[in-house]
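Trainee: Pasting the relevant annotations from TrEMBL:
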type	residues	note
COMPBIAS	1-15	compositional bias 'Basic and acidic residues'
COMPBIAS	23-32	compositional bias 'Basic and acidic residues'
COMPBIAS	66-82	compositional bias 'Basic and acidic residues'
COMPBIAS	185-194	compositional bias 'Basic and acidic residues'
COMPBIAS	249-260	compositional bias 'Acidic residues'
DOMAIN	93-170	domain 'eCIS core'
REGION	1-105	region 'Disordered'
REGION	167-260	region 'Disordered'
Amino acid sequence: MNAYEHDHGHEHDESLASPKRPGPHEEAELPHLLKAAATGRTEVLGPSGMGTLQRTVGNSAVRAALQRDGEQGEEGERRSSVHDVISSGGGEPLDTGTRGDMEARLGADFGDVRVHTGSSAHESAKEVGAHAYTVGNDVVFQRDAYDPSSQQGRTTIAHELTHVIQQRGGPVDGTEAPGGIRVSDPSDRFEREASANAERVMAGPSPAPEPAAPAPASAAPPVQRQEADEDEEPADVQGSFVQRAVEAGAEDEEETPPEG
């Protein structure tokens, strides 16, 4: 690039003013160059192709194409929408009744938990193939998956809140995947523990409320998720941890989770 700017400095300066009409040869190759720039394939442009684009469509358009290429990253991947949801500052606290019930059952303080149920939450949960997933103190649900009024819905909430407790305690299992997060497997020990714990605490009536342990400050949180379909392959996601729980009923097909 520097060599091109050195050899054709006067043309580069003129292109800053306004695009020029291409010659016959340039006009013939222009569609291919535009396609390469639009798809971020800057490696196929070369100095000559870059110069043609700068002279015909202007430097601003070329810069925009290069910027899009940079945003896609080395492998052309965009970051997961999970990041947008958990960094949005949105979501709602657990309602008073649900919070009190879950704190009594699980023995933890959920005052800082944020529940995300909007359209962005729905799309991000679909992206990772989950009914629900947890990142730190953020619990995200697909549309209609958050249902404190039903036994299954409360069991799902208990499962995800178990992930909140797990992540407060330190790193959890996850496999690197595209998008800037890490994804769990339904068979890992954290997911098995969350499934078993949710079933256990929801098996009986709500106990009398007890003082809940305060929520400690946490560093970059991992992500844990509840699988949307038993037959669906885990979605690839990397960077933060993404862990998922098996759907209600699927635990019967799993082996008994190891103690400890």
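Including glycine, each Cβ sits where the backbone N, Cα and C put it.
All annotation found in TrEMBL is predicted automatically rather than curated by experts.
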Trainee: Please compute the mean pLDDT of the model over the domain 'eCIS core' (93-170).
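Mentor: The average pLDDT of the model in the domain 'eCIS core' (93-170) works out to 95.
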Trainee: Reported in the order helix, strand, coil, what are the DSSP residue counts of the compositional bias 'Basic and acidic residues' (185-194)?
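Mentor: Grouping H, G, I as helix and E, B as strand yields 6 helix, 0 strand, 4 coil.
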Trainee: Can you tell me how the residues of the domain 'eCIS core' (93-170) break down into helix, strand and coil by DSSP?
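Mentor: So the counts come to 38 helix, 15 strand, 25 coil.
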